[in-house]
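TrEMBL lists Ser8, His66, Gly142, Phe143, Gly144, Gly145, Asp175, Gly176, Gly177, Gly197, Ser198 with the feature substrate binding site. Residues or ranges marked as divalent metal cation binding site by TrEMBL: His33, Asp35, His66, Asp175. Annotated active site, proton acceptor per TrEMBL: Asp35, in sequence order. Residues or ranges marked as active site, proton donor by TrEMBL: Asp175.
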Amino acid sequence: MSTIVSPSVLSADFANLERDVKMLNSSEAEWLHIDIMDGQFVPNISFGLPVMKAIHKHATKPLDVHLMIATPDDYISEFKDAGAEILTVHYETCTHLHRTLQRIKSEGMKTGVALNPHTPVDLLKDIIHDIDLVLIMSVNPGFGGQKFIPQAVQKVAAIKSIINEAGAKTLIEVDGGVNLDTGKQLVEAGADALVAGSFVFGSENPVETISKLKVL
Ligand code: DX5
Ligand code: ZN
């Protein structure tokens with residue numbers, strides 16, 4: 001089975017977004033990873049709904065949207081309208097996570113839950129059947145191009161056991177510092193999907209780099 005690759009548009013050339021999105025369309029990437037940052041939950045601001053809509057207009061692949069915002073509950077239908085197919089919220093921002101996931105589902109999107117590096121995977125045990133995608137952060141969210149935190153590999157293995165024991169169909173995605181080396185460790189530990197930003201866009205041939213990640 002091949003790995004799902006979700007290149008992070010955060011590392012694209014924002015002055016040439018149409019060109020970069022079309023490049024991703026022509027690649028073996030399964031999804032496009034969209035990082036939304038609000039300067040509150042994370043110490044950085046990326047881009048918002050109008051830019052995401054512009055990406056959606058040109059993208060031929062599902063948008064895998066990673067909300068790094070303090071109040072995701074306030075914007076669920078807005079992100080649906082902007083073209084999100086998978087909507088991932090951070091565990092750390094949702095007091096009533098079960099309700100949030102039901103709302104995402106009722107809008108017709110797939111549900112995702114992201115965990116910061118310090119948040120234990122066990123916290124998702126009782127809700128695993130409601131989650132389509134668990135996003136394990138292998139850096140502290142907020143910036144592209146950071147160093148991989150190796151404990152993420154054990155977290156992938158641990159959440160994989162929880163998923164298997166529950167007989168759930170939840171996919172595991174990992175985000176931050178992914179390259180061929182860290183990507184291989186993650187896939188061996190049970191990751192189904194890899195997000196990669198700087199590794200893809202910083203390479204000489206991004207289309208080829210995506211193909212290499214896909215066969216890990
Ligand atoms: C970090 C973002 C990532 C980021 C990954 O907060 O969630 O998606 O774009 O970038 P790289 O692959 O460069 O670590
Ligand atoms: Zn992300």
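Cβ atoms here come from the backbone N, Cα and C positions, even for glycine.
Note that the structure is a prediction, hence the values are computed from the model and not measured.
Mapped onto this structure are the features recorded in TrEMBL.
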residue	record	contacts (Cβ under 8 Å, 6+ apart)
Ser8	substrate binding site	His33, Asp35, Gly144, Asp175, Val195, Ala196, Gly197, Val200
His66	divalent metal cation binding site	His33, Ile34, Asp35, Ile36, Thr88, Gly112, Ala114, Leu135, Asp175, Val195
Gly142	substrate binding site	Met37, Val42, Pro43, Asn44, Met68
Gly177	substrate binding site	Ser138, Val139, Gln146, Lys147, Phe148, Ile149
Ser198	substrate binding site	Ser11, Gly144, Gly145
So if I draw a 10 Å sphere around the Cβ of Gly144 (substrate binding site), how many other Cβ atoms end up inside it?
20
Other Cβ atoms within 10 Å is the metric here; tell me which of the binding-site residues His33, Asp35, Asp175 scores highest.
His33
Beyond the listed site residues His33, Asp35, His66, Asp175, identify every same-chain residue whose Cβ lies within 8 Å of the center of their Cβ atoms for the divalent metal cation site.
Ser6, Ser8, Leu10, Ile34, Asp64, Val65, Thr88, Leu135, Val195, Gly197
Select, from Asp35, His66, Gly142, Gly144, Ser198, each of the binding-site residues with a Cβ positioned under 6 A from at least one atom of ligand 2; if none does, say none.
Asp35, His66
Starting from the Cβ centroid of Ser8, His66, Gly142, Phe143, Gly144, Gly145, Asp175, Gly176, Gly177, Gly197, Ser198, the recorded substrate site, name every other residue in that chain with its Cβ within 8 Å, sequence order please.
Leu10, Ser11, Asp35, Val139, Pro141, Gln146, Val195
DSSP-derived structure type at Gly142 (substrate binding site), helix or strand or else coil:
coil
